[in-house]
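Novice: One structure is given below, represented as structure tokens, and several questions about it will come after.
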Amino acid sequence: MEKKTYYFVGIKGTGMAALARLLKDLGNEVLGSDIEKETFTQQPLADAGIPVLSFDPANLKEGMIVVQGNAFSDDHEEIVRAKEMGLKIQSYPETVEQVVANHTSIGVAGAHGKTSTTGLLAHVLSNVEQTSYLIGDGVGVGVADARFFVFEADEYRDHFLAYHPDYAIMTNVDFDHPDYFKDLADVKDSFETYGRQVKKGLFAWGEDKSLRDLNVDVPVYYYGTAPDDDFRAANIVRTPDGSTYDAYYKDQKLGTFTIHLYGEHSVLNSLAVVAVAYMEKIDLEKIKAELANFSGVKRRFAEEDIADMKVIDDYAHHPSEIKATIDAARQKFPQKELVVVFQPHTYSRLAAYLTEFGQSLSRADKVFVTPIFGSIREQNGSVSAKDLEDLIPGSEDIDQASITKLLAYHDAVVVFMGAGDIEKYEDDYKARLKERG
């Protein structure tokens, strides 16, 4: 890619910060602006030598390409100034597509499991081939002359329709983001449109009915555990140390693979990685070694030992994700009591899946529900945290003032789940736990 100067409006956003770092790695000049509030993306940007400025139209200079963050409207002062100056303005997805076009690219899509699968694929490929990658947990790495580009393709507001990758992985199709999609059929239509933009091949989870019905123009390779899947995991053994399985392509055994990750979804995610590597003729012995070395991505089953407790931080905010996270915790800690602190994320999502949230959370031994985290677009709604508690036997409400309730538990697992600001509850608990000892 020709070296350019990029100015990010909203550079502290998770995806924006990752993309900024990737473009900087590729030799471009990168800077941007955002609000004053401290974020976890700030230090990595500083480490990369990327200036983060306060909003000011005077920041803009001739020749800059302005990347407009999704949260910033056309009437934002810097966007207005950029238009007056005649600068090129493009979205995050449009900017990612420019990187996609210069590599053998693999876009990972799915209602759930995108970040975990992207992180796993990026880790594996980058240790066996030159690979650039962009992960939804805020990590972006650019490698000059890379063979591969691995990136997360988000379906929200149809952002992934900007992309035309060589390959796509589709982990599942589910009705999420009820503030944008009308129903499951609407979501499936978007995935199918994205699939038609893929150039070489598509890897899709075989048990997903919507993915089985895809009408696309490239070969679809199904992965899973069923006999009719193209790539199949068999003889799966799950223990507190992780999972081991035999991988097959059709009737051909590709090898025995081990991952130190938990839950059935982790087996499926790793099988998708094996499938991509096989189709690109990468040495599977190297893939085997790198799969065994992977420990996970940020905010996806991130563990910490404090006193006699296991504290887990997880991004789960949809019933399917909650079920998968609880399954993973049961696998790794089969003898321990499992306590979940859940922060509902947006009123519309809670209202759309209230019953399903109740069913998934009821798999834990004890559940505490925090106040609802509303989005910028949605600060209230017709549903309450109490409505969810009523569906979960023995559940209780909790907030920062009552976080000490959790100190009653010993030698147990506490999982903090949510996509909002659940960390504030987790940080309070950890501080109290360290005091308790």
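In case you wondered, yes, glycine gets a Cβ from its N, Cα and C as well.
For reference, Swiss-Prot lists these features for the protein:
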{"type": "BINDING", "residues": "G110, A111, H112, G113, K114, T115, S116", "note": "ATP binding site"}
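So that I understand the layout, could you describe where these features sit and how close they are to other parts?
Specialist: Cβ neighbour count for A111 (ATP binding site): 24 (other Cβ atoms within 10 Å of its Cβ, all protein chains included). In the three-state DSSP scheme, A111 (ATP binding site) falls into the coil class.
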Novice: Cβ neighbours within 10 Å, counted over all protein chains: which one of the binding-site residues H112, K114 has the most?
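Specialist: Per the Cβ count, the most surrounded site is K114.
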Novice: Cβ within 8 Å of the ATP site's Cβ centroid: which residues qualify beyond G110, A111, H112, G113, K114, T115, S116?
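Specialist: The surrounding set, listed in chain order, is V108, T117, T171, N172, E321.
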Novice: When a 10 Å sphere is centred on the Cβ of G113 (ATP binding site), how many other Cβ atoms does it contain?
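Specialist: Excluding its own Cβ, G113 (ATP binding site) sees 25 Cβ atoms within 10 Å.
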Novice: Which entry in the list of binding-site residues, G110, T115, S116, has its Cβ near the fewest other Cβ atoms, using 10 Å as the limit?
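Specialist: Among the binding-site residues G110, T115, S116, the sparsest Cβ neighbourhood within 10 Å belongs to T115.
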